[in-house]
Every structure is written in structure tokens, then in C-alpha cells.
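What follows is a single structure, written as C-alpha cells, with notes after it.
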Amino acid sequence: MNFSQIAQQVIDKLGGKDNISAAAHCATRLRIVVKNENLIDKKGIENIEGVKGQFAVAGQYQIIFGSGTVNKVYAALSKLLGIGDMTTSEVAAAGTEKQGLLQRLVKGLADIFVPIIPAIVAGGLLMGIHSMLTAKGFFVEEKNVVDLYPAIADLVDFINTIANAPFVFLPVLLGFSATRKFGGNPFLGAALGMLLVHPALSDGWNYALTLAKGNIQYWHIFGLEIERVGYQGTVIPVLVASWVLATLEKNLRKVVPSFLDNLITPLFALFITGLLAFTVIGPIGREAGSLISTGLTWLYDTLGFVGGAIFGTLYAPIVITGMHQTFIAVETQLLAEVARTGGTFIFPIAAMSNIAQGAACLGAAYVMKDAKVRGIAVPSGISALLGITEPAMFGVNLRYRYPFISAMIGAGISSAVIALFNVKAIALGAAGLPGIPSIKPDSLAMYCVGMLISASIAFTLTVILGKRAQLKAE
């Protein structure tokens with residue numbers, strides 16, 4: 001491959017050197033900010049050697065080359081553009097300037113939640129392992145693994161302790177991540193999160209029960225009666241409080257003399273935010289988060305297969321808009337209240353959609369004669385089955401439309417089936433074949449049935465529609 005030639009073609013098809021504001025690359029994609037997207041020749045980019053897909057998102061135009069190739073194309077591109085190496089965060093910042101309010105909101109939530117996902121995934125998967133080990137009848141009728149092997153009881157309890165940690169101390173993780181995103185000191189954000197789950201406070205998990213029994217303790221400060229209750233497992237209170245903390249900190253630094261800054265600024269920022277957190281932000285945020293999770297769970301449980309069908313059908317188009325990033329916050333809230341919600345229904349539906357996109361992509365590979373397209377479709381389809389849908393969706397399915405439509409239909413029908421049987425996940429993970437450990441043990445069989453339905457329908461429809469398209473072309 002002539003990478004200099006490929007890079008020059010990319011520049012030309014993007015509207016020329018003067019139309020490019022910033023450029024970087026990640027593991028598989030060129031990430032470019034252009035001044036005018038109307039100048040982009042999408043058909044021309046599609047025909048450039050090595051290009052596996054393209055799409056616009058978050059103010060950036062991204063071209064998929066794949067690992068091992070993208071870095072070489074970028075090296076040639078940056079040389080031709082006369083720019084130094086840029087980080088993806090720098091390009092993202094440049095792209096953000098072009099985004100609307102809704103896009104910035106979605107990106108903001110993603111920037112906060114994506115860094116903490118490994119902790120949530122680890123805790124969630126361990127929670128799934130704990131559930132499998134303690135579920136009666138999962139391996140042996142009327143008994144669980146601990147009943148069969150009492151010697152591992154402490155190990156199982158230890159697994160449960162680790163599994164719960166990210167959710168119990170979720171405000172600490174979110175406080176750090178959100179305050180950093182809002183431009184404040186992340187360690188002050190972590191301290192704020194610690195305050196919200198301080199052991200001296202009543203357990204936030206049992207707030208409703210404690211309130212019903214009349215056992216709530218109070219602080220009496222400035223004539224206010226403030227509940228001494230923690231915010232374990234909550235999302236909204238710490239997000240809002242982190243924004244207040246960062247805003248206060250930045251404004252205080254403007255007026256506090258530099259020699260007093262390290263003393264006065266953190267003191268007043270944390271004290272004022274803490275007071276607001278327990279008097280206004282926390283109580284309102286707790287109710288808002290509870291209403292959101294309760295409302296979504298009620299809709300899923302009430303609408304049943306109809307709600308599942310609608311959500312499953314629309315999930316892939318939602319992914320295209322980037323709005324699916326907001327689901328991380330909702331899922332985190334649902335999992336944090338798993339005893340009440342039973343888990344998250346979003347993850348299984350996302351898995352049905354991903355499986356459908358992967359199967360449709362493989363169906364396209366089966367029916368198409370173009371060797372280049374097949375070379376892209378096979379690995380992309382396998383990737384989607386494993387939970388990474390980007391290459392399949394943008395590289396093949398959307399490009400030819402009928403695989404994408406077939407996948408939407410497969411996802412809708414399979415999501416209706418799993419919704420009918422109330423399939424839920426008790427952990428996050430890769431939404432696809434690797435997501436099996438995340439599913440509630442009593443839902444595992446129907447989850448597998450759902451994946452089979454999703455893949456079968458998407459693959460079959462893609463082959464039928466593909467052959468029909470070929471006949472029309474002839």
C-alpha cells in the first residue's frame with residue numbers, strides 16, 4: 001500500500017487541505033474535524049484503498065482503516081498537512097465546538113461514565129458469578145453450589161463483597177470523573193463522593209424503609225432540619241453536586257488571593273457544596289433518579305413485548321445518533337437498585353441489536369460477490385457478535401441499507417421475545433455473545449434463545465433481500 005497516496009486521496013476527498021481543522025487517530029480510525037462537511041466526497045472515500053467504513057459523529061468525520069494501517073495513513077496525512085501529532089482528546093475538543101446542545105450533553109455524559117465502566121463491569125460480572133453460585137437449581141435441582149460445597153462459602157461471600165464495592169462507592173467514582181469533566185479538582189470531587197457515602201450516615205439503600213419506620217436522624221443547622229442519609233448507589237445527586245463543586249471552585253480561584261488559594265478555595269468549595277448536597281441537590285436528585293429507574297422499569301414490565309419490540313427496533317438508529325451513551329447512566333442507576341429493579345433490561349436488548357447487526361453483516365458477506373466487501377464484512381460481523389458493532393454498521397450495513405433494515409427487524413422481534421420473558425442483566429459487559437455471564441441466571445436460557453432468533457432473522461432477511469437486490473440489478 002502507498003500510504004502517501006492514500007493520505008493525499010483522503011485529503012482531496014475531504015475537501016482539500018484548507019477544509020481540515022484537526023486530525024488524529026485511535027486504534028482503528030482517522031478522526032478528522034472539517035470546516036464544511038458538504039465538501040466531503042463520501043463515495044470517493046469509500047473507494048480509497050484500505051477504507052473499511054466512514055461516519056460522522058460528535059463533530060468529527062471518522063474513517064475506518066483498521067489497526068496496523070491507520071497509524072501509517074495518519075503519519076503520511078500529518079506530513080502532508082504539515083501538522084504535528086494531535087491527541088484524540090484535542091480533536092474531540094475541536095469537534096465539540098461544532099456540536100449542538102444535545103450532542104454536547106450526550107458527549108458530556110459519555111466522558112463522565114466511560115472512564116468508570118471497567119469498575120462497573122468488574123463488579124457486575126462478579127455479581128453475576130455470585131448469583132450463579134448462590135442460585136438454587138441453576139446447576140443442581142433445589143440446591144446451589146454453596147450447598148454442595150460449604151467450604152467455598154467464605155470465598156463466595158468475598159466475591160460478593162468485591163462485587164458490591166463499585167456500586168456502594170459509586171458516588172466516589174462519579175465524583176472524581178464528573179468533577180474532572182466539569183473542570184474542577186477531581187480529588188475534591190472524590191472527597192465529595194466520600195461525603196455522600198460516609199459511614200456515619202444512615203444507609204441510603206434502605207432509605208424508604210428507614211423513613212417509613214421514622215428512624216431518620218437529622219442535623220439541625222442554620223434552622224434547617226437536614227436528613228443524615230447517605231447516597232449509596234445514586235447517580236444524579238453526585239453529578240449535579242460535582243458540577244456545583246467545579247463551578248464554585250473555578251469562581252473562587254478568580255477572587256481568592258493566590259497565597260490563600262490552596263487553603264480557602266477547597267475549604268469553601270467543599271463545605272458549600274456539601275451543605276447544598278444534603279439540603280437541596282441530594283433529596284431532589286434521589287427522587288429524580290428513583291423516578292427515572294422506576295418509570296423505565298414500569299414501562300418495560302407493563303408494555304412487555306410491545307415495549308421490547310419498539311426499543312429493540314430503534315436501538316441501532318439510536319446508536320447512530322450517539323444517544324445510546326446516555327443509557328450508561330440509566331443502566332448504572334438500575335443496577336445500583338438491583339434489589340428493587342431486578343437489573344437492567346437495556347443490556348439484553350442492546351445485545352439483541354448487536355447480534356442482529358453482526359448476523360446481517362455476515363449475511364451480506366454470504367450473498368455479495370465483491371471480494372473487497374466480503375473481506376470487510378466477515379471480520380466486522382464477527383466483531384459485532386462479540387459486542388463491537390461499529391465496523392459492521394458503518395462499514396457494511398448502513399452502506400447497503402438492506403442489511404441494516406434486516407438487523408432492525410431481527411432485533412425488534414428478538415427483543416419482544418426476551419421482554420415477554422422479562423430477561424434482565426445484573427451486570428454490564430460486552431453486549432453480545434460475551435454478555436452471557438452478565439445475565440440473571442433464571443433468564444439465561446431465554447437470552448440465548450433471543451440471540452438465536454435475532455441472528456437467524458437478520459441473516460435470513462439479509463440473504464433474501466440481497467438476492468432480490470442482485471436480481472433487480474441484473
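Just so it is clear, glycine is given a Cβ too, placed from its N, Cα and C backbone atoms.
Here's what Swiss-Prot has on this protein:
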- 4-87: domain 'PTS EIIB type-1' (DOMAIN)
- C26: active site, phosphocysteine intermediate (ACT_SITE)
- 107-474: domain 'PTS EIIC type-1' (DOMAIN)
- 109-129: transmembrane segment (TRANSMEM)
- 158-178: transmembrane segment (TRANSMEM)
- 182-202: transmembrane segment (TRANSMEM)
- 229-249: transmembrane segment (TRANSMEM)
- 264-284: transmembrane segment (TRANSMEM)
- 303-323: transmembrane segment (TRANSMEM)
- 345-365: transmembrane segment (TRANSMEM)
- 376-396: transmembrane segment (TRANSMEM)
- 403-423: transmembrane segment (TRANSMEM)
- 444-464: transmembrane segment (TRANSMEM)
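Remark: secondary structure over the domain 'PTS EIIB type-1' (4-87) totals 33 helix, 22 strand, 29 coil, with classes taken from DSSP. All protein chains considered, the CB of the residue listed as 'active site, phosphocysteine intermediate' has 15 other CB atoms within 10 Å. The stretches the transmembrane segment (303-323) and the transmembrane segment (444-464) are not in mutual contact, being linked by fewer than three Cβ pairs under 8 Å (pairs 6 or more apart in sequence).
Long-range contacts of the transmembrane segment (109-129) within the same chain: residues 159-160, 162-167, 173-174, 177-178, 181, 239, 322, 325-326, 328-329, 332, 335, 338, 425-429, 437-439, each at least 6 residues beyond the stretch ends and with a Cβ under 8 Å from a Cβ of the stretch. Tallying C-beta pairs under 8 angstroms between the transmembrane segment (182-202) and each of 264-284, 345-365, 376-396, 403-423, 444-464 places 264-284 first. Long-range contacts of the transmembrane segment (376-396) within its own chain (CB-CB distance under 8 A, at least 6 residues past either end) are made by residues 28, 52-55, 64, 316, 319-320, 351, 353-355, 357-362, 364-365, 368, 403-404, 429-435, 455.
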